[in-house]
Each structure stands twice: as structure tokens, then as C-alpha cells.
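Report on the following structure.
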Amino acid sequence: MNLAISIALLLTVLQVSRGQKVTSLTACLVDQSLRLDCRHENTTSSPIQYEFSLTRETKKHVLFGTVGVPEHTYRSRTNFTSKYNMKVLYLSAFTXKDEGTYTCXLHHSGHSPPISSQNVTVLRDKLVKCEGISLLAQNTSWLXLLLLSLSLLQATDFMSL
């Protein structure tokens with residue numbers, strides 16, 4: 001009986017590990033706020049446990065999540081939204097003091113080691129504005145529709161001068 005329980009538990013852990021995966025982590029600037037987009041897969045029925053953190057000078061600072069306890073200095077500066085396969089964290093009043101390696105990690109439950117994570121190194125002078133990223137990454141269907149519409153208008157000779 002113990003062998004059957006062990007095998008069932010192992011299969012459950014493997015299924016959750018395979019079904020929950022961070023696919024990308026991007027950073028950009030919205031006004032004076034840092035925006036982190038953590039895209040992930042979730043093909044299991046298990047709830048996603050997650051954590052956003054910043055590593056600066058080898059020290060990890062938890063910003064937001066369901067796993068670690070966010071540090072007091074970041075609590076009032078963070079704003080979080082979640083969609084089906086994306087978690088978005090905003091860090092307001094972003095300055096050069098907030099530069100470092102940001103991590104989005106998925107966990108099984110509690111304080112277990114992450115099953116999947118992605119890092120992005122953020123330097124204030126190297127950050128791009130979010131508008132360009134969101135147009136290409138999130139609104140690809142509108143861009144394709146625009147290109148198809150222009151081709152259709154050109155084919156019907158609507159745009160000829």
C-alpha cells in the first residue's frame with residue numbers, strides 16, 4: 001500500500017512540475033514604474049503559487065507573491081494584476097537603487113523550492129518604454145488585422161492615388 005501511495009504522489013508532483021512553467025519574464029518602464037510581465041503555462045488544476053523577488057548585491061528581497069513575505073519597504077510600492085497565463089507586477093517610484101536581478105518563480109506550495117523561474121537583469125538606463133513591448137507582445141492580433149486590412153484595401157484599389 002505504501003508503494004502505491006508513493007508512486008501516486010510522485011506522479012502528481014511530476015504532473016504539476018510539467019504543467020506549471022514560467023515561459024518568459026520581461027521588464028519595461030511605465031512612467032516612473034517598473035513593470036514585470038511574468039508569462040507562464042498552467043496545464044494543471046493546481047493553483048499557482050508564485051513569488052516576485054529582487055536580488056541586489058547577493059541579497060534577495062521578496063517584492064510580492066503567495067510564497068514569501070514581502071519586505072515592508074516594497075509593500076506600498078507594488079501593484080499586482082493577474083490574467084490567465086500572465087502575472088504583472090508594478091513597482092512604483094523606480095530608481096537606480098532598485099536595479100538588480102528580478103525573478104518570477106512558481107512553487108508547489110508554501111516555501112518549497114521553485115519548480116520554474118525566470119530572471120531578468122534590470123538597469124534603469126537600459127529599460128525600454130512598455131508601449132512598444134505591449135503592442136508587439138500583447139496585441140499581435142490587432143497588428144495582423146491591420147496588415148491584412150491594408151492588403152485588402154490595396155487589392156481592391158481603394159488606396160490608389
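Count begins at 1; order follows the chain as displayed.
Every residue, even glycine, has its Cβ placed from backbone N, Cα and C.
Per Swiss-Prot, the feature disulfide bond maps to Cys28-Cys130 (among others); the stated evidence is sequence analysis. Within its own chain, Cys130 (disulfide bond) has Cys28, Leu29, Val30, Arg35 as residues 6 or more apart in sequence whose C-beta sits under 8 angstroms from its own.
The disulfide bond annotation in Swiss-Prot covers Cys38-Cys104 (among others). Taking a C-beta cut-off of under 8 angstroms and a sequence separation of 6 or more, Cys104 (disulfide bond) has the following same-chain neighbours: Val22, Leu25, Leu36, Cys38, His40, Tyr50, Glu51, Phe52, Lys87, Ser117, Gln118. According to DSSP, Cys104 (disulfide bond) is assigned to a strand segment.
Applying DSSP to the domain 'Ig-like V-type' (20-126) sorts its residues as follows: 10 helix, 63 strand, 34 coil. Annotated domain 'Ig-like V-type' per Swiss-Prot: 20-126, in sequence order.
Look at Swiss-Prot and you will find Asn42 (among others) tagged as N-linked glycosylation site, backed by sequence analysis. Just so you know, the Cβ of Asn42 (N-linked glycosylation site) picks up 15 other Cβ atoms within 10 Å once every protein chain is counted.
Marked as N-linked glycosylation site by Swiss-Prot on the basis of sequence analysis: Asn79 (among others). Counting every protein chain shown, 12 other Cβ atoms lie within 10 Å of the Cβ of Asn79 (N-linked glycosylation site).
Sequence annotations record features per position, and here Swiss-Prot assigns N-linked glycosylation site to Asn119 (among others) based on sequence analysis. Residues within less than 8 Å, Cβ to Cβ, of Asn119 (N-linked glycosylation site) and separated from it by at least 6 positions along the same chain comprise Leu25, Thr101, Tyr102, Thr103.
Look at Swiss-Prot and you will find Asn139 (among others) tagged as N-linked glycosylation site, backed by sequence analysis.
The annotation GPI-anchor amidated cysteine is assigned in Swiss-Prot to Cys130 on the grounds of similarity to another entry.
The local packing around Gln20 (pyrrolidone carboxylic acid), expressed as other Cβ atoms within 10 Å of its Cβ over all shown chains, amounts to 23. Under the heading pyrrolidone carboxylic acid, Swiss-Prot lists Gln20.
Other Cβ atoms within 10 Å of the Cβ of Ser82 (phosphoserine) number 12 in total over all chains. The phosphoserine annotation in Swiss-Prot covers Ser82 and is backed by similarity to another entry.
According to Swiss-Prot, the signal peptide annotation covers 1-19.
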Checklist entry - Fewest other CB within 10 angstroms, which one of the disulfide-bonded residues Cys28, Cys38? => result Cys28
Next on the checklist: Between Gln20 (pyrrolidone carboxylic acid) and Asn42 (N-linked glycosylation site), how many Å separate their Cα atoms?
Outcome noted: 5
Checklist entry - Cα of Asn79 (N-linked glycosylation site) to Cα of Asn42 (N-linked glycosylation site): how many Å, rounded? => result 22
